[in-house]
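Okay, so here's the structure we're looking at.
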Amino acid sequence: MADYLDPQFNVNQQGEYRVKRHLTVFQKITILLDLIANCARFYYNPYIVPTLFFLMFPIALLLNVVAAWVSVHLKSTSTFVVYLKNLVAADIIMTLMIPIKAAGDLPGTWEHLSGVTCRFFAVIFYNAQYTCIALLGLISLDRFFKIMMPHSRLFGQSLTMSKLISATVWVVLFGGTGLPNILLTNKSVANASLITTCMVLKGPAGVKFHGQTSLLLNIFFWLVSVVIVVCYFCIANRVIQSYRNSGSNNSQGKQKIKLRVFLVIIVFFISFGPYHIIRIPYTSEQVTYSDAQCSNTYEHLRFAKELSHWLATTNICMDPLLYVFLCREFKEKLMSMIKNVCLSYKSTRKQIFKESLPR
């Protein structure tokens, strides 16, 4: 965060920029002008992205708390519901990490929160995000096999296997990428103001692992994307074909199916696509970047990465709508709970009104 705030630099003989404290206003202005003359770096308002995250938080919290409440009362009677419950859990984790992430990115707080954020909260946030992506892929595969091969026992078409697959996703992502990142973010820095990015807290092994992990997760995302597109297009074609075979002229039903498939795919790509397009060039710059390089490319990529990551995070607001959209059991349970709440509210108001009447 600190590397794109308005800095107070001191330039040494090697051309490296260091934070200089206790300067007069005139000295700060002079140094800033010298910096601009030697290195016209790109800076942006550091409040933009944290503000967007803070604005998202209450919406995401409301939607995901409702989704969690419904899923708790939903029996795991199908593999789809098992994957859905795991997706709700991943979304809840991401939602709870939002205020910590946003607070850590605010000017003045990075120096105090950088250590714990880089080592724990950011790692948990990113791993929960890729858990969501994996589970969305599993949901598409689950629907594919149920519609295309309804009598097949392939790909975990049993509750036990679906639970095992879900557990494997959590263990592989958090154990295979999250835990090593936590352990390798172990470098101590005497002056917290010198922690410009999380890379500063990683040793050579940590930086290398970070670069490799980012590349692998990016490849993983695009593989899941291909799976989702293929599965939903096949599902749409099969359902439309069944309409034709039955002699139905329900063009409205066909259009509704196409619209659902289109919305699922578009929402997925709009949310995650830009972030994963930017992620590779950004990581390439990130692992080799230092303040002395004065890289405008890195600053532009960082801003694009932060903004696109916010866009990717908005998926946690879309998922609860997806549950209603795709899962009949979830929708019925939600409607039932809303109806019960409304009836309870009316009953309470009626009781209060009766008690307020003079006797």
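Glycine is treated like the rest: Cβ placed from N, Cα and C.
Residues or ranges marked as domain 'G-protein coupled receptors family 1 profile' by TrEMBL: 63-323.
If you look up TrEMBL, you'll see 47-70 (among others) marked as transmembrane segment.
Residues or ranges marked as transmembrane segment in TrEMBL: 82-100 (among others). A Cβ distance under 8 Å defines the sequence-distant neighbours of the transmembrane segment (82-100), meaning residues of its chain 6+ beyond its ends; these are 53-54, 56-57, 60-61, 64-65, 67-68, 71, 74, 76, 113, 117, 121, 124-125, 128-129, 131-132, 135-136, 138-139, 142, 159, 162-163, 166, 169-170, 313, 316, 319-320, 323, 327, 330.
If one looks beyond the transmembrane segment (120-141) by at least 6 residues along the same chain, the residues whose Cβ comes under 8 Å of a Cβ in the stretch are 80, 83-84, 86-87, 90-91, 93-94, 97, 100-101, 104, 155, 165-166, 169-170, 173-174, 177-178, 181-182, 185, 198, 217, 220-221, 224, 227-228, 231-232, 268, 272, 312-313, 315-316, 319, 326. Residues or ranges marked as transmembrane segment in TrEMBL: 120-141 (among others).
If one looks beyond the transmembrane segment (162-184) by at least 6 residues along the same chain, the residues whose Cβ comes under 8 Å of a Cβ in the stretch are 76, 79, 82-83, 86, 119-120, 123-124, 126-127, 130-131, 134-135, 138, 142, 156, 202-203, 205-206, 209-210, 213, 216-217. According to TrEMBL, the transmembrane segment annotation covers 162-184 (among others).
The transmembrane segment annotation in TrEMBL covers 219-240 (among others).
Sequence-distant neighbours of the transmembrane segment (261-278) (same chain, 6+ residues past either end, Cβ-Cβ under 8 Å): 133, 136, 218, 221-222, 225, 228-229, 232-233, 235-236, 301, 304-305, 308-309, 311-312, 314-315, 318, 322, 325-326. The transmembrane segment feature in TrEMBL is assigned to 261-278 (among others).
Under the heading transmembrane segment, TrEMBL lists 307-327 (among others).
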Intrachain residues whose Cβ lies under 8 Å of the transmembrane segment (307-327), provided they are six or more past its termini: 48-49, 52-53, 56, 59-60, 63-64, 66-67, 70-71, 80-81, 84, 87-88, 91, 94-95, 98, 129, 132, 139, 143, 260, 263-264, 267-268, 270-272, 274-275, 277-278, 334
Confidence summary (mean pLDDT) of the domain 'G-protein coupled receptors family 1 profile' (63-323): 85
